[in-house]
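Peer 1: Below is a structure I'd like to ask you about.
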Amino acid sequence: MSTALNSEHETVRPLASFQPSTWGDLFISYSEDSQLKEVYGKEHECLKQQVKTMLLDVTNYRISEKIAFINTLERLGVSHEFENEIEGLLHQMFDAHSKFQDGIQHFDLFTLGIYFRILRQHGYRIYCDVFNKLKDSNNEFKKELKEDAIGLLSLYEATQVRAHAEEILDEALIFTKAQLESIAATSSLSPFVEKQITHALVQALHKGIPRVESRHFISVYEEDPDKNDLLLRFSKIDYNIVQMLHKQELCHISKWWRDSELETKLTYARNRVAECFLWTLCVYHEPKYSPARLLLGKLINIISCTDDTYDAYGTLEEVQIFTDVIQRLDRSSMEQLPDYMKILYKAVLDLFDEVEVQLSNQETNNTYRMAYAKEELKAIAKCYEKEHIWFRKCHVPPFEEYLENAVVSIGNRLAVTFSFLGMDQVAAVEAFEWAKTDPKMVKSCGKVLRLVDDVMSHEEEDVRGHVATGVECYMKEHGVSREEAVVEFYKRVEYAWKDVNEEFITPNHLHIDLLNRVLNLTRIADVVYKFEDGYTHPEKTLKHHIMALFVDPVPI
């Protein structure tokens, strides 16, 4: 190890001066109220059995009543308690749909919308021709639809799961959005309907973070004049019980962050422990994935620090050595690194050791999975290095060359593979081989994340000195303005979303729980980067969500 790399001699570093954490030590200590947890637990079990009875009873009802009840369970965030029962009902519905499609012609607009959306969100390929009945003889949407606010909202949410070559859904999105905006501005609506419309126009359900959307809907459902009080109370208790677990997990990761010295030794990097855990919670929030969440939460923090090391501190020589060391991933290589990088490299190795222990303790020894995660880490390091070299050389690459690298450096491929590690029962070797091939769904997820990130961050990164974002690359190559480039980016985002939706309903050998991880990663983009770079500047976009998820329980 040369003295030069360990010294603080004059070196030009592209310092970013990121904002400090909003949260301080808020999450580093968590004292669970065991008495309240016990009280909640007893009532939760009692209510769960009653809700399960209601769900089983609904099998004798009409399809419209079945799908409406499932919709309510999912919107309230309690469907994780009844996964098998719900899947059984949906399978029956889809089977009946395939044989007797005439019954759908009698669905009202609200029922048709939730029927289509929910079946697609569970991986069933239901065709968009079910909406043909909404058109008149002039191929326009029937005028009477404009009077049905809750039906229009249901159709609007259904359009969000559209895939390619579904023109009627593209048209329905334009139609419903215009009508809902008009209704919200001019009509006198009940609070129950008004809140749903106002929220949906900002955040579509399909593209939202599931746990965040459930918290919001619980408050909305309280104002439903036809609400089921038992179901409402069950959803509140369930939310608070699961929140206790999430608080405990965030506390664990906060302590790990402190003990790892990443915050104190890598002062140039973003301290975003709570924000990283929000990303983790979007990938999977269900209690059964708690061990997997702890590992993924640590990884996302480490990748954030690694990204900032390449972008906002490391010299060319340092990042080249770090990239080379990452290709080996052995402790003997640590001495080649400058002191500050040793902290980061140690965190990487310690995390992989922790993962290996957890995998070896599963019902079947799944340590083979480690090789896939390591390869993705090596790949992302090479992409970071390439971007650093571009920056040092003031090189603006052709857009497609930039994008090919950037959809890897955004980290979704590594996150997908890592999220599979802790899914003992459903993630067989085929799942890792699938992710390894960079399939269309994963690549499109990366495009959504990268393109919206670039749109929201490119001006700031240009000011502080950073590799050219996709916006600059596209502007230079095509000779267009920033505004024109942004329009093109959002067209590509819409196209990539259709890819994700299409792949989700395309039959393959993967369990739907695995595909949901990719879908959930795509959803992050629509929340974090909707109005600004919410990860770098979380106080406006993410602070409210973090308070709702990790600080404030639902009032009961």
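Any Cβ shown, glycine's included, is placed from N, Cα and C.
Here's the feature list from Swiss-Prot:
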{"type": "BINDING", "residues": "D307, D311", "note": "Mg(2+) 1 binding site"}
{"type": "BINDING", "residues": "D307, D311", "note": "Mg(2+) 2 binding site"}
{"type": "BINDING", "residues": "D453, S457, E461", "note": "Mg(2+) 3 binding site"}
{"type": "MOTIF", "residues": "307-311", "note": "motif 'DDXXD motif'"}
Peer 1: Just checking, which of D311, S457 (binding-site residues) has the fewest C-beta atoms within 10 Å of its C-beta?
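Peer 2: So among D311, S457, the binding-site residues given, the one with the fewest Cβ atoms within 10 Å is S457.
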Peer 1: Round to the nearest Å and give the CA-to-CA distance linking S457 (Mg(2+) 3 binding site) with D311 (Mg(2+) 1 binding site).
Peer 2: 13
Peer 1: According to DSSP, how is the motif 'DDXXD motif' (307-311) divided among helix, strand and coil residues?
Peer 2: 5 helix, 0 strand, 0 coil
Peer 1: Within 10 Å of each Cβ, count the other Cβ atoms, then let me know which of the binding-site residues D307, D453 comes out lowest.
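Peer 2: Among the binding-site residues D307, D453, the lowest count of other Cβ atoms within 10 Å belongs to D307.
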Peer 1: DSSP three-state call for S457 (Mg(2+) 3 binding site): helix, strand or coil?
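Peer 2: Where S457 (Mg(2+) 3 binding site) sits, the three-state DSSP reduction gives helix.
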Peer 1: Average pLDDT across the motif 'DDXXD motif' (307-311)?
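Peer 2: Over the motif 'DDXXD motif' (307-311), the predicted model scores a mean pLDDT of 96.
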Peer 1: How big is the Cα-to-Cα gap, in Å, between D307 (Mg(2+) 1 binding site) and D453 (Mg(2+) 3 binding site)?
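Peer 2: Approximately 14 Å lies between the Cα of D307 (Mg(2+) 1 binding site) and that of D453 (Mg(2+) 3 binding site).
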Peer 1: Take the C-alpha atoms of D453 (Mg(2+) 3 binding site) and D311 (Mg(2+) 1 binding site) and report the distance between them in angstrom, rounded.
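Peer 2: Between the alpha carbons of D453 (Mg(2+) 3 binding site) and D311 (Mg(2+) 1 binding site) there are 15 Å.
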